[in-house]
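Peer 1: Handing you a structure now.
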Amino acid sequence: MSKDNTTDVSFFKVALISTICLIAIKTCLIRSYTSTDFEVHRNWMAITFAKNLSEWYYEDTSEWTLDYPPFFAYFEWLLAQGAFKIGLKDSLKISEKPIMNDGILYYQRFTVILVDLLYYVGAFLISDISEDLPFKGGKEFTARKKYFIFFSLIYFAPLILLDNIHFQYNGFLTGLVLLSIHFVFKGNFLKSAVITAILLNFKHIYIYYVPGYVAFFLFNYLLPIDISFTKRLVLLGGSVLIPLLLSFGPFLYTTNLDGVSQILSRLFPFQRGLTHAFWAPNFWSLYNGMDFILYNLRIILARYLKNGDIIKKPEYTSGLVQEYSHTSLPNIKPYHTLTFILAFLLPLIIINRGKKRTEVKYLQSLLISSMTFFYFGYHVHEKAILLPLIPLMILSFIDFTYLSLYFNLYLVSHFTIFPLIFSPLENLTKYTLSLATTIAIQILFKITYGINLWENLNKSTKFFSIISILLEVTTNVFLPIYLPNLPFLPNIFTSCFHAMVFTWTYIVIVKDVFNESEKTTIKKKDLLEEESKLKLLLNDKLDKQINDIRIIAAVDGTYNKEDKGQVCVLGAYFYDVSTNTELDYFEEIVINTQPYIPSFFAIKEGNCTVEFMKKILSKHSGLKPDIIIVDGNGVYHKRNFGLASYISCKLNIPTIGVTKNIDLNPLDEDLDKRMIRNEIKNSPMIKNNINILPHDNRCLIIRLPNSKKLLFVSVGNGMKTEVAGKIIENLTKTGTQNMPVNVCDKRTRNTYREYFEK
């Protein structure tokens, strides 16, 4: 068996074992608390079992009427047939009161576990993106990526809590979402369209994705209008209409348009109020929160003025699903929310007219569309947070730019779902499961990439994480004790804070879409502003004599070549020149999503190198070097401020920039650079060990002993050019193999090969 096949088999075995373990965990949750959704689905089975199809959407004996699209009704009919076959006929009665017994409990719980198999299949197929993304590597590395993706999807704690404790069927529906994404990755748009149409006819909440679907298929499949446009339109239309006819056709046949109208009235009731009983963390929770603050300020002011004004108590804190009025702010109607949604869907056009990979456009379209609906939608359920999470999770797999943004919503999803699980035993379960899966993801990320995930998240994400935990403790421990008369206050705090987190994330993502074409310009401008301040620190005075220099540090990094080098192996080598011995070597693999821009290398390498050195020196102050050697230019630069200068001024340590190849861009434009390059190559100007570059004394040319190779040296900061040349000459007397920066380069390359190319 070939190594490739062995790797595939190993992944399949590990994935299978992980799936079996997850099924075992879900089985252990069978006797957990169930929400009213359990009775909802039991009643739907009873309706589809006991009533004719034409009566399904008219039946209202129970308050839990059938209000999902027809495909889900057919699904409930299938479940009812199974329940009948195993002797659960008594549980299939239409009843105003809930029916609960061990038989129906185990049956419905197991149906969730069974249909979740589709979710596992979707996760397995999605893991194939590891072949190329976020960057290519060896077979072992690819297998690790593949498993990390698979595990992150199937062990997503909020989905487990929602389906296997609270009780719903979101897993297999999310499996359909994964299948639609998989087919786009494979370039089969029509299969993706069919899956999408089926999904929408199972659960109408996925209408949140529809604008994204429309924009994507319009710009990436239908257009341009050419000779084959009509064919594409017919094929796409058929892919969407056939599932729609299969879904609504039987009702149209048996009940005519009245029956279809009845279904639509069940699917889109606008009498439930702006927000759900538990506010989803969106714009309207902040709106309610502001209204609540204004209400209390008015109460305080009325008491102070003693004017006797009667101020109506807010109804949105009752915990009931109902229409309500605001006490101070204008009331919001469904058409207001729709206006906001339409206005904020503009980025979909920009995304799909852009030049990114097709699959990235698809994921971004689903993300922006679902985030906009979640943020501004009317009567949004907290469970709908799952919709933007799935595309954002997959985006974070293929582009680390989205990693911190994903973990923002990862946080929001956990703390939004937590209030749905509130009994003591299940509280222990939800915290244990969430903590365990989060730790497992951290460990797997470290195993996969060699990167400490927590350390590489943005500061904002770390801040949100800490505040979320503190808020969870406060709202569940202290508020019930000290403010028992305000039972809705924990909901207000939780929803409003996480609405702020969602808002921050939403703004960053939308801003990124609008600034896509201006990113490089913005980053250049920011660096130039920083450089103008740092240049004030430049000087050529080194306090020590050459003989007083003891510790030299070299720092270098190896990046992956694909996708702008998002992973870097950083190395720092500390060398004692007085004894010619290595003092220490430090290495770390980090995420670096900054772009490479010619003549602006500090954008990519500057800050991550500075932070790496600061971390080392904060723990090992005795290793503070007298000089740092950097693979890059110093003052020999178009702006007299290269990478070595940037690092020196940020660390306040003298630096020397050393390169193997000469960059002639800093020279005057009127010089014949081709001639100068040929002169250097043919070495007529290289007469001594240390030579000044003609036309520019900022750069030295070092001739290596017994070799035709040359090094190009420029001061970063803190010394004169001739001093820098003498230091490099001394370090290269025995060749470049022991040159600190070369040692660093070699070791980081070896680590990169070991981790990513096997």
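Keep in mind that glycine also has a Cβ here, set from the backbone N, Cα and C atoms.
Annotations in TrEMBL come from automatic prediction, not curation.
Just lifted these from TrEMBL, have a look:
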TRANSMEM  12-33  transmembrane segment
TRANSMEM  109-127  transmembrane segment
TRANSMEM  147-162  transmembrane segment
TRANSMEM  205-223  transmembrane segment
TRANSMEM  235-253  transmembrane segment
TRANSMEM  334-350  transmembrane segment
TRANSMEM  409-425  transmembrane segment
TRANSMEM  431-451  transmembrane segment
TRANSMEM  463-482  transmembrane segment
TRANSMEM  488-509  transmembrane segment
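Provide an account of the burial state, proximal residues and distances for the features listed.
Peer 2: Outside the transmembrane segment (12-33) by six or more residues, the chain places 105-106, 109-110, 112-113, 116, 120, 124, 127, 147, 150-151, 154-155, 160, 164-165, 421, 423, 425-426, 429, 433 with a CB less than 8 A from a CB of the stretch.
Beyond the transmembrane segment (109-127), the same-chain residues lying 6 or more positions past its ends with a Cβ under 8 Å from any Cβ of the stretch are 15, 19, 23, 26-27, 29-30, 79, 82, 146-147, 149-150, 153-154, 163-164, 167-169, 171-172, 174-179, 181-182, 185, 394.
Sequence-remote contacts of a segment are chain residues at least 6 beyond its ends whose Cβ falls under 8 Å from one of its Cβ atoms, and for the transmembrane segment (147-162) they are 11, 14-15, 18-19, 22, 25-26, 29, 119-120, 122-124, 126-127, 129-130, 168, 170-171, 174, 178, 383, 385-386, 389, 393, 397, 413-414, 416-418, 420-421, 430, 433-434, 437-438, 440-441, 444-445, 447-448.
For the transmembrane segment (205-223), same-chain residues at least 6 beyond its ends with a Cβ under 8 Å from one of its own Cβ atoms are 173, 177, 189, 193, 196, 199, 229, 232-233, 236, 345, 348-349, 351-353, 358, 361-362, 365-370, 372-374, 377, 381, 384, 387.
Listed as Cβ neighbours of the transmembrane segment (235-253) (distance under 8 Å, sequence separation of 6 or more from its ends, same chain) are residues 53-54, 57, 69-71, 189-190, 193-194, 196-198, 201, 217, 221-222, 259-260, 263.
Within the chain carrying the transmembrane segment (334-350), a Cβ under 8 angstroms from the stretch's Cβ atoms is held by residues 211-212, 215, 219, 270, 274, 283-284, 365, 368-369, 372-373, 375-378, 510, 513-514, 516, all 6 or more beyond its ends.
Tertiary neighbourhood of the transmembrane segment (409-425): same-chain residues 32-33, 35, 157-158, 161-162, 165-166, 278, 280-281, 382-383, 385-386, 388-389, 392-393, 434, 461, 464-465, 468, 471-472, 490-491, 494-495, 498, 501-502, 505, selected by CB-CB distance under 8 Å and a gap of 6+ residues from either end.
Sequence-distant contacts of the transmembrane segment (463-482) (same chain, at least 6 residues past either end, Cβ-Cβ under 8 Å): 407-408, 411, 414-415, 418, 489-490, 493-494, 497-498, 501, 504.
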